């Protein structure tokens, strides 16, 4: 059957009380952004739901996009009928005859949201169900466990019929709950943690620590690919590449071999906290799962987390590894994560790492380094390079100090230097993303968006026509 209408339902937004309208406006903006490439689509909003009219666009393409939108609960392809009983019956029969595989049992559930309709819900259940039975003798009614439940929604603007409810990502619209920094190692867990944070409405910026020349360029490219896959859901993500060689080498020479992992994790969090302050992020997200490795025992997580003052979010902390892998496969990060390129977390790992570190001993050992530790941390922050990832391209901003030849960020290969991909299209998408971000800010703050409308209408198209980009760094940073 060729569907022309899709009923879209919002997710957890119904829990937001007085702010519901603002959040629904934000969700609607995200929905339009996700379906933006399907130009003919139009929308109709109605009490926490949105009807998407395809107007000839591909249902399959729209359905695939809708399933990935954070904040949407579910959607259904629907048939629309007038308020005339015979039209409703005809559409119900058409829908039931199109069901595949062919059902053996069914039930009709009518919701009469429009109270002025002449028949109540029970009457409509019988009137519609009897018509289907008369014309499909192979079907039987089963009100407890039917193969198909035909739902009829009577609204003032029309009657909507559907039998399928397709789940979406759920959660909250991206950016609704603020910004957090994601510690992205390149393994299986951290991309899943990032996706789960995004699903709960957090905008994320990723942080990756590299120890060139001990880690390879392929390891950095692997993380770039993972960030690109996450950008598929988030539209645009910054990836911060932090040089960690000097710090990691110094830790290996500390004489506290069993505490190297603890030192390393604590130092990474300190750097992440400084980058969070610079980016306006309010939390740090990690892929820790309780008991999985030495640094993820409860004792280790306690000692490691004590080094920072902002919240440390661990979305996977109670998940089993197999459950994490299933999510990684679902979001298409698993195959990239298992590529055999080692990151800095695998360097200088002792044979017997501490699983029950003592906070007092750890802090005393760190104090032995004096100001040297803070100097190296500040140097790592200054040496951080940032790549902006989009679905169409990426751009690099150099660090404050020059990178060594061949180090990540100096020549990241292929598409990474300068503006990458199709420059004009990438510029247009960047301008569009920024304008949409401003529009969402206006929705949350209740601010007017006239300037945003101007940008959406002119900025992206102008850059696409000219193929020129004035200052990509000024746009993205």
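Note: Cβ is positioned from N, Cα and C throughout, glycine not excepted.
What TrEMBL says about this one:
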BINDING   183, 184, 208, 209, 265, 287, 296  ATP binding site
DOMAIN    60-165  domain 'THUMP'
REGION    392-417  region 'Disordered'
REGION    443-477  region 'Disordered'
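Confidence annotation: the domain 'THUMP' (60-165) carries a mean pLDDT of 96 in the model. Cβ-based crowding with a 10 Å cutoff singles out 184 as the top-ranked of the binding-site residues 183, 184. Cβ neighbour count for residue 296 (ATP binding site) (all protein chains, 10 Å cutoff from its Cβ): 21. Secondary structure from DSSP puts residue 184 (ATP binding site) in coil. All protein chains shown were included, and the count of other CB atoms within 10 Å of the CB of residue 265 (ATP binding site) stands at 22.
According to DSSP, the domain 'THUMP' (60-165) comprises 35 helix, 34 strand, 37 coil. DSSP gives residue 265 (ATP binding site) a helix state. In the shown protein chains, 28 other C-beta atoms lie within 10 A of the C-beta of residue 209 (ATP binding site). Once the Cα atoms of 183, 184, 208, 209, 265, 287, 296, the listed binders of ATP, are compared pairwise, the greatest separation found is 19 Å. Within 10 Å of the Cβ of residue 208 (ATP binding site) there are 27 other Cβ atoms, across all protein chains.
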